[in-house]
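Beneath this line is the structure, given in structure tokens, with notes to follow.
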Amino acid sequence: MKNTSSSTTLTMNDTIAAIATPSGKGAISIIKISGHNALNILKQLTKKQDFTPRYAYVRDIFSDGVLLDKALVIYFKAPYSFTGEDVCEIQCHGSPLLAQNILQACLNLGARLAKAGEFSKKAFLNHKMDLSEIEASVQLILCEDESVLNALARQLKGELKIFIEEARSDLLKLLASSEVLIDYSEEDIPSDFLKEVSFNLEKQIASFKDLLDFSNAQKQKNKGHALSIVGKPNAGKSSLLNAMLLEERALVSDIKGTTRDTIEEVIELKGHKVRLIDTAGIRESADKIERLGIEKSLKSLENCDIILGVFDLSKPLEKEDFTIIDALNRAKKPCIVVLNKNDLAPKLELEILKSHLKIPYSILETNTLNSKACLKDLGQKISAFFPKLDTQNKLLLTSLAQKTALENAITELQNAKNHLETLELFSYHLLSAIENLNSLTRPYETSQMLDSMFSEFCLGK
């Protein structure tokens with residue numbers, strides 16, 4: 001689409017326009033316009049002059065005198081809008097072609113095509129939202145975890161900002177007190193002051209660590225727990241994977257070495273995302289490709305969170321089984337020992353198997369011919385390894401920049417506490433901690449850094 005804006009300079013003073021709804025057909029599409037010329041563009045599109053702010057109107061939409069659609073239009077007068085500027089929304093029928101034509105009409109009338117995240121950038125620069133609220137709005141769009149929605153909604157409401165600002169205010173009071181006492185000799189500094197400051201710093205550090213720990217745990221949950229399924233060929237790994245997926249995802253065959261590479265699928269278990277990794281059967285092989293698959297299987301044990309070690313209960317322990325046991329011991333990960341094929345006569349020496357395992361483990365017997373009966377037990381054993389997160393009334397850090405800033409603030413507060421006897425150093429580290437807190441909600445980034453941050457947003461946002 002050609003942008004016919006008379007100015008090629010991309011400035012925050014431009015009137016911008018974009019389609020705010022996802023691509024594809026739907027009931028409606030929304031075109032947003034923001035800037036000093038937004039209302040004038042809407043008047044020309046509708047051939048109407050009277051628009052009361054925050055009232056919805058059904059209006060015909062024209063382009064060069066040609067009727068395009070009958071749409072719902074709303075005018076938000078500055079500063080009472082998302083961006084803080086005049087904003088107009090056009091809600092048309094959900095044809096992608098129609099939305100593109102209306103957008104082009106906006107561009108023909110002087111708007112510029114918005115860059116990704118530019119509406120949010122305007123809101124940020126016009127002090128309609130702080131950085132923590134902007135981050136929350138993006139994560140809310142991307143969120144796939146119901147337990148996180150409440151924390152994001154609270155952050156969007158501004159509760160993280162309030163938490164940070166209250167902490168910042170308390171630290172500023174400590175800084176002011178320490179600056180007053182710098183000119184005093186050490187023996188003139190009240191001992192009660194040092195004790196109170198130390199107590200307050202410990203309390204602040206603990207609250208920051210709680211926020212950081214919860215955010216890190218939630219990030220791991222969002223990423224998903226990696227669960228590797230390992231065993232010798234024909235132990236029943238692929239059958240177990242298929243049963244857990246309730247579909248034929250992995251090829252099940254009596255021919256050894258059928259699975260030559262890792263197969264990865266994602267399921268949800270007890271509210272947690274789990275990445276199931278079916279690995280190549282571990283055995284000695286002259287086949288170069290199969291050996292590469294086996295090496296990849298052993299490597300997956302180093303990077304996973306939980307291991308399902310699958311053993312054939314109907315056969316005595318073999319050299320390949322002991323190779324797997326050694327791999328489990330080296331990985332030092334939580335392990336569920338799955339004794340498969342319990343519908344056949346047991347020949348596996350269970351006590352020998354137990355004596356060779358040097359890691360925490362639990363045991364589950366399964367029958368791949370009727371494995372659904374034990375899937376519930378398997379799910380409970382797997383979920384027992386998941387951390388129990390209390391998401392009620394919790395705040396959440398949603399970006400690496402936020403986590404880094406808080407980690408730096410914690411480090412500086414600890415440094416300040418360690419230098420309580422030297423108030424100049426104490427004040428220096430305390431000020432550094434405050435500056436790191438500032439970057440969570442009121443960053444001092446350059447224009448280029450802001451452009452980079454907001455470019456990650458979607459168009460129309």
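Keep in mind that glycine also has a Cβ here, set from the backbone N, Cα and C atoms.
Straight from Swiss-Prot, the features:
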BINDING   K32, E89, K128, K461  (6S)-5-formyl-5,6,7,8-tetrahydrofolate binding site
DOMAIN    224-387  domain 'TrmE-type G'
BINDING   234-239, 253-259, 278-281  GTP binding site
BINDING   N234, S253, I255, T258  K(+) binding site
BINDING   S238, T259  Mg(2+) binding site
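Positions of Swiss-Prot features highlighted on the structure.
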residue: K32; record: (6S)-5-formyl-5,6,7,8-tetrahydrofolate binding site; Cβ within 10 Å: 25
residue: E89; record: (6S)-5-formyl-5,6,7,8-tetrahydrofolate binding site; Cβ within 10 Å: 21
residue: K128; record: (6S)-5-formyl-5,6,7,8-tetrahydrofolate binding site; Cβ within 10 Å: 18
residue: N234; record: GTP binding site; Cβ within 10 Å: 21
residue: K237; record: GTP binding site; Cβ within 10 Å: 30
residue: S238; record: Mg(2+) binding site; Cβ within 10 Å: 26
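Checked against N234 (GTP binding site) by C-alpha proximity, the binding-site residues K32, E89, K128 yield K32 as the nearest. Recorded residues E89 ((6S)-5-formyl-5,6,7,8-tetrahydrofolate binding site) and K237 (GTP binding site) have their alpha carbons 54 Å apart, per Cα-Cα distance. Reduced to three states, the DSSP call for S238 (Mg(2+) binding site) is helix. Distance between Cα atoms for K32 ((6S)-5-formyl-5,6,7,8-tetrahydrofolate binding site) and S238 (Mg(2+) binding site): 50 Å, as a whole number.
Taking the domain 'TrmE-type G' (224-387) as a whole, pLDDT averages 77 in the prediction.
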